[in-house]
Every structure is written in structure tokens, then in C-alpha cells.
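S.K.: This structure is in C-alpha cells; I'll ask about it shortly.
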């Protein structure tokens, strides 16, 4: 889960873009927000806390009747029970691997553990997604969102075998990753490059650092970020300015290529790495492999134990 503004670009670039590229009207990001809220309402409707007494105490906000929340000891995020989330498609390693319910790698992206979880993720989506959809359109941004959520869940399932995982955090980190690769692949367009990459880098590092705290699935964050980062090179390159102005240039000055050579190299390399990562990860997952057996220090990426908390309860 993360809240992040855009990567920041120079006024010159913004003026040039407004003249050359029509800005898409964002509708996919608001639609995702509406769908996520609707799914959460369905979660609470099916959960029906008053009809299922909990050993942790009474329901929270009982005036909401069947939409009231589970006791805070059961769910501190003001949401449904784990059994309800599992029923609706939460990510559970055993069900994905042994019961062949691979669809949970997708459905869990649309579920949220509670009202707080939903609000934080949707605010993050608005901050990050609106800007990207305006500049690149709903198709490319939608692909990054969905594939990053899927990639985050695959990595999470490889390393975390216990517990229930839901949420759009992996997809949101994918959008952050694509913003970084978009900055790199369109490097020559930006004039204030250092400030842009430092700002975005700080946001990414800060959010990944928060992911090392207990009860946060940082593997989903990392998997989503890597997927989005690679997809950004594939889906978000911009044509060089010379190509955009080719009709106003003399024949001798016409650009030979729509994209710069390094953009083509990044496109090919990133696509190959992405396909290889997905293939290896999915084969390992459905063979029941435990990622921790092949990376004995990786668990520190998800939680760093201290005297203040333990990572064993995750």
C-alpha cells in the first residue's frame, strides 16, 4: 500500500506534451475504485457479523446491522472475517497449489481486508493511476495494474505459505515501478531528471521499508514492483520529439526511427526477463516449491525481527 504523487517533470516537457499528445480522459482508474468499493460492500454483506457470533467479542458498529465489522481483535482493519475473504477468493497457498485454484492469484487483488485497507489503497490508486492513465491511456495502464497484481501474488505465494492475503498493493507497486521505468526509458525528454528520479526513488524505498514491518505482505509489494518496472519499459516508451515533428522537418532531417536505439534494447531485454521470471515462478509455485529454500535470507525482505515484534505470527 502506498501513497505517491507523480514522478515530477519539467514545465517544458509538460508544454510539449500538451501540444503533441492528447491527454486521455481517465475512466479506468475511477472504475477500479468503484468496483473495489462494490466488492467490499459484497464482502460485508456476505460476512453478516451479527449472524455469526465471534469468540473475540461483539461486532463493531452494530447499527450497520449485517454490514457491521468483525471484532477488532479478529480484524483491526474494520472488515470481514478471514473465512469470508477465503470464500470470496483470497490468496491461500494450499488452495492455489493443492486444490488447483489458480484464479485466486487474480481475485485476491480485488478484495480488501477492511475499510482502512480499502481507503489507503484507493487513495494511492488515485494519486498514481490518474496521472498514468491521462498520459498513456487505459489499455496500457490497465495491463500494468492487472499483471503487477498477479506478479505480486505469485511471489507472495512462493515465499508465504501461511495466512490469507488480499489487496491491490502489488498492483499499486506495479504502477510505481512503471513510473520509474517510464522515467528511465524516456530519459531524454525530462530536463529535471535528477529531482524526478530522487523523488520517485525516495517514495519507492520508503514504501518498501514500511513493508518490512509485521502484518504487511512485502513480497506482494516487491513482486508487483518488479513486474510493473519491467512492463514500463515494454508499454510506456514515448516517441522521440523529432518523430512527432517529422512533418515540419526537411526530408534530409527526417528521423529514421520512431524510438531511440536504447528504448528498443530496453523493450527487448525487459520482455525477455519478464517472460522468464513468470515462467520460472509459476513452475516453482505449482510444483509446490518453497522460495525460502532457495533464498535463505529473503524472509528479511518481508519482515525484520526486533525486540519490539516477532515475525513468526505472520
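From the backbone N, Cα and C atoms, a Cβ is placed for every residue, glycine too.
The annotation transmembrane segment is assigned in TrEMBL to 27-46, 109-130, 142-160, 166-187, 194-213, 219-236, 264-286. Residues or ranges marked as domain 'Peptidase S54 rhomboid' in TrEMBL: 100-237.
Map the listed features onto the structure and describe their local environment.
M.R.: Panel annotation: around the transmembrane segment (109-130), residues 1-6, 26, 28-29, 32-33, 35-37, 39-40, 43, 69, 75-80, 85, 88-90, 141, 145-146, 149-150, 153, 166-172, 175-176, 179 of the same chain, lying at least six beyond its termini, place a Cβ under 8 Å from a Cβ of the stretch.
Packing against the transmembrane segment (142-160) from elsewhere in the chain are residues 28, 32, 91, 93, 96-97, 104-106, 108-109, 129, 132, 168-171, 173-175, 177-178, 217, 219-228, 231-232, 235, 277-278, 281-282, 284-285, 289-292, 298-299, 302, 314: each is 6 or more residues past its ends and has a CB under 8 Å from a CB in it.
Sequence-remote contacts of a segment are chain residues at least 6 beyond its ends whose Cβ falls under 8 Å from one of its Cβ atoms, and for the transmembrane segment (166-187) they are 1-2, 4, 6-7, 36, 85, 90-91, 108-113, 117, 121, 124-125, 128-129, 132, 141, 144-153, 156, 193, 196-197, 200-201, 203-204, 207, 217, 220-233, 235-238, 262-263, 266, 270.
Below 8 angstroms of C-beta separation, residues 2, 136, 140, 143-144, 147-156, 158-160, 165, 167, 169-182, 184-186, 204, 207-208, 211, 266-267, 269-271, 273-274, 277, 301-302 of the same chain, each at least six residues beyond the ends of the transmembrane segment (219-236), sit close to that stretch.
Tertiary neighbourhood of the transmembrane segment (264-286): same-chain residues 96-97, 102, 151, 154-155, 157-158, 181, 184-185, 226-227, 230-231, 233-234, 237, 257, selected by CB-CB distance under 8 Å and a gap of 6+ residues from either end.
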S.K.: Other than its close neighbours in sequence, what residues sit by the transmembrane segment (27-46), given a CB gap under 8 Å and a spacing of at least six beyond its ends?
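M.R.: Hits for the transmembrane segment (27-46): 66-69, 79-80, 84-85, 87-88, 110-112, 115, 118, 121-122, 125-126, 129-130, 133, 138, 141-142, 145, 168.
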S.K.: Roughly where does the domain 'Peptidase S54 rhomboid' (100-237) sit in mean pLDDT, to the nearest integer?
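M.R.: Mean pLDDT for the domain 'Peptidase S54 rhomboid' (100-237): 88.
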